[in-house]
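Have a look at the structure below before the remarks.
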Amino acid sequence: MSIDLAQFLPTFLEESYEGLEIMETGLLNLQSSEDDSIHSIFRAAHSIKGGAGTFGFNQVTEFTHLVETLLDEMRDGRREILKSDIEILLQSVDCIRLLIDADHNKVVCEDESISNVEGLLNESLKSSSTDTQPQNDNKSEKTQSATDAQSWLIDFTPQPHLVQTGNDPLFLFNALADLGELEIVCNTSELPAFSDVEPKELYLSWQIKLTSSDATEDDIREVFEWVEDECTLEITLLTNDATPNVQEDEAVNNETQEQDPEVQSTQPESEQSSKQELAEPLSPNTITTDTNVLTTKPQSAIVGKDKASPAKAKPDVGSIRVGVDKVDMLINLVGELVITQSMLSELGNDFDLSKVEKLTSGLDQLLQNTKELQESVMRIRMLPISFAFNRFPRLIHDLSIKTGKQIELVIKGEQTELDKTVMEQIGDPLVHLVRNAADHGIESTEVRLANGKSAKGTISLNAYHVGGSIVIEVNDDGGGINREAVLNKAIEKGIVEPNSSLTDAQVFDLLFEPGFSTASEVTDISGRGVGMDVVKKNIQSLGGRIQVESEPGKGSCFKVNLPLTLAILDGQLVRVGTEVYIIPLITIVESLQAKAELINRVSGNMVLYRLREDNVPVLPIYQLFNLEAQCTEIENALLVVVEFDGQKVGLMVDDLLAQQQVVIKSLQDNYQQVDGISGATILGDGSVAMILDIPGMITMALKQAQVAQKATVNNNVEVV
Amino acid sequence: MDIQSLAKDIPSQGEQSLEGIEFINNAEQYLTFVLGNEQFAIDILCVEEIRNWERPTQIPNSPNYVKGVINMRGIIVPIIDLRMKFGIGQCTYTVTTVVVVLTIEVEHKSKVIGFVVDAVSDVLNAEADDIKKAPAFGGSIPPEFITGLVNQDTNVVTLLTPEALYKIEKHQIDGCNQ
Amino acid sequence: MPKFLIVDDSNSIRQMVSFTLKSAGYDVVEASDGLQGLQTAKGENFDLVISDVNMPNMDGIELCKELRKLSSFEFTPILMLTTESSGDMKVRGKEAGATGWLVKPFNPDKLLATIKRVVR
């Protein structure tokens, strides 16, 4: 029977990555050998190795074996848990991760860290005071290579307690029967008188002749593998023509083998002697790990699967683990929906006007059900942010070694939930912020002490919900951002004009300008300052924003604000001409009726609207989108002021309609990317409405302004 | 109207069908439709649905033949007016104006697109031998959109390739700020 | 139909063992650690128990000892899944009353061939 194990590969991968995380977390917490976590670390390594062997992940198996051996010694207390070993093990976790990827993609991992860490592990294992027997070379030597059918004589004398371990000679003979033809002779000479029979003991022995078999002695021994310590087993090869060396009770007929061995009788052996035998070291050839045979099959199965999906850089396990409570909640809601539906359809069977009230309440109920159902379905995609946070203890650990600073990590609100997709994309920006905090934020120990602070710096990660979004804070209690240094650097780089007066927030925003870096020395931790602008871009592409607060001497706080999900959006419906558009509510600052006296026209076609101290450029949607609008005069127009990236823009619309949650649908699926539009949605009446892409619209407007400006310049040249 | 099931009811010409096996002959089936007073045809296996004309939601700054998008059972489907695209006939929208929704495989992804035509007329069986090469000159339809021509009685039916229909050149924003 | 109890904290191994045995027509009940395994065992009878050794809450050795204390499991074959073919583990297993051991890496054909030694 061939069984395809490839279907379990995703489970194995998921489980292995989880195991690696458990190892990592455990290792970071591992302070003393009394700590319980060494056991969970060992178990994780053990499971990875076990699974890896099954799937033919040989690089993983080999490497993890070293790790496991080291962990085993620690676990048993045979080895002191040294800081240096923990470091090696942490590096090993990274290596195993690489090797899993490599084995999954069927390539040999050539990363030099592997051989380095392997060397360290071996060294550490060698230095071990205890004798760790090499466990690899217990491969049995084939005593007999089978060529022709042969005959074997097997003398099998079990100890009386054999059946108490769950073994049963009958099944052993059944297994032997698979190797060839059997002739079994039972020896009942040790059977005691019936009154002396102990029902739980076995008193029989057998002589078995195995003929027309191509089995080797090892094959036979393997059948008796589990009982070898509880029996005397003699196996002799008979020449093909030899008659079996049958003993005097040869005449006992074959019926004997049909008897149930359990009810046979006595010769109680002392318990002690049996225990002694148990404690005896096993002879090496009892252990037949036919590794080669075992691994080839699953491997070929995986190769076939890999062809279908070519090598991926990262195994993207596209599944979610959902808590049973969430699923139960859904089932309940669907139940309610069904009830509402049947109530409504019954109502429709013989409807008259007297039942309008019932209908209205039924529809209200339907609305409620639908809303709850939608929220619950969305919650399925929500995971606690701890999934994104759990890599930071390790990161901080590594960073404090690299920087030589003492850093403590505090995590708050790790149960705060957000959408899986958002989570996947926010990981890297957060890593960058944390690196930055460790590298630039936290001062060196000497500086901290000199400033009267505790030697240990603190970086705290905090997540919480605010309305429809999640806020993630990266705080440090370091020296804060040096306003002057940032400003000078920006001036030096030509990012801002000298003498420009900027607020603190504006100055801190300069950190996110491309090519900005304040660290006078470039370190390998936060790199060359290429990151912060990318961080901001990533966050913005998720529909979020980032703010910085900082106090000199006290520390800084980077606040990331993200939508909880990318599938649903709170929108303001607006009308322009005959078309309905949706403006993401999160971008809206305010909506107002334009007042003529606050309108200014500058440089030709640019219209600015004075909103308190800001001059907000006005963007008529009908112009941008080439539409017939009802209102083309800015003087009476409705303006929806939106903000993106600190830039406010007044969108000119004909009418403000409802506010509602909309499900985002892609336009690209069947059409293509459209400038100024981030997607579409289906409204209550079944019609489609476009969702405005505010950053995109601002970019469009800027481009048009530039084109217009160039045109003006050209005109001037012609005039001259 | 489900054209595919309709098509299965129409006996195929040419070789005898073997019992229980559909379409065992060399003839491909095509859905024919009318633009102005010309006959066109498209591989029937691509046809998803035939809908009545409804006003779509406009896509900003799209070419004039892209009428907008509609909601087809939760899918956002763009609507292309083939008459405008090819410059054939009058672009009026009447009760007989229909939208042929096609599923088109493009770079291993399937796109669902609706095409506005004046009317849907028939199902045409055409064997490979029946399909003539289109003349390389004249006509408002770019030759890369045409598979070939088929004679049907006295008419000539132009076969279109669905893949080519998909190629809607990305439109540039022009002069909308004037 | 013979009914087996599979105890392993590793989802993939447990699923694979279970899948293999089910495809061979056996009835399989799963448990994810020793404690859960013991609870399950107290509720019903099994023809074979296959258990991992390293598990949280209660390990395989302990489970084996506990099972042997139950009258319904006095003669039931109990196989331990081990990664190493280390002698030490086998002795410990035997002492706890295990019938035999299955050495990982897991191979379905081998599993089916091997369990013939203890079940019909």
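Backbone N, Cα and C atoms are what each Cβ position is placed from, and that goes for glycine too.
A TrEMBL annotation is a machine prediction, not a hand-curated record.
Summarising the annotation, TrEMBL assigns compositional bias 'Polar residues' to A:262-271. Residues or ranges marked as compositional bias 'Basic and acidic residues' by TrEMBL: A:304-315. Annotation comment: TrEMBL describes A:1-103 as domain 'HPt'. TrEMBL lists A:354-566 with the feature domain 'Histidine kinase'. Residues or ranges marked as domain 'CheW-like' by TrEMBL: A:568-703. Under the heading phosphohistidine, TrEMBL lists A:HIS46.
The average pLDDT the prediction assigns to the domain 'HPt' (A:1-103) is 83. The number of other CB atoms found within 10 A of the CB of A:HIS46 (phosphohistidine), across every protein chain shown, is 26. With DSSP states grouped into helix (H, G, I), strand (E, B) and coil, the domain 'CheW-like' (A:568-703) comes out at 24 helix, 73 strand, 39 coil. Summarised by DSSP class, the composition of the domain 'HPt' (A:1-103) is 81 helix, 0 strand, 22 coil.
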